[in-house]
């Protein structure tokens, strides 16, 4: 879901923002790739990658809202922010027990 949100925002014009535009596209591609890897490779590495992806995306969003990120500032409220934030939260909450309990081997 977060990958779709980032791709949609990129298509709506974020692509024209220096540094942030390419990062939104990278986020979208990485999210789709991770989703497929999680489905096909039953190993702990994709779960760890997804956890890192979720945490880093939320950290980047937090920085963009609080102090700005690469010269771009973001607002904390809105439908895209909510959708992406919930999706990242779900990934983090699901990945932690999978890693700790080894449920994806």
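Positions of Cβ are set from backbone N, Cα and C atoms, glycine also.
No curator has checked TrEMBL annotations; they are predicted automatically.
As annotated by TrEMBL, transmembrane segment applies to 20-41, 48-70, 82-101.
Tertiary proximity for the transmembrane segment (82-101) is limited to same-chain residues at least six positions away from its ends with a CB under 8 Å from its CB atoms, namely 1-2, 5-6, 44, 47-48, 50-51, 53-55, 57-58, 61. Sequence-remote contacts of a segment are chain residues at least 6 beyond its ends whose Cβ falls under 8 Å from one of its Cβ atoms, and for the transmembrane segment (48-70) they are 2, 18-20, 23, 27, 30-31, 34, 37-38, 76, 81, 84-85, 88-89, 91-92, 95-96, 99.
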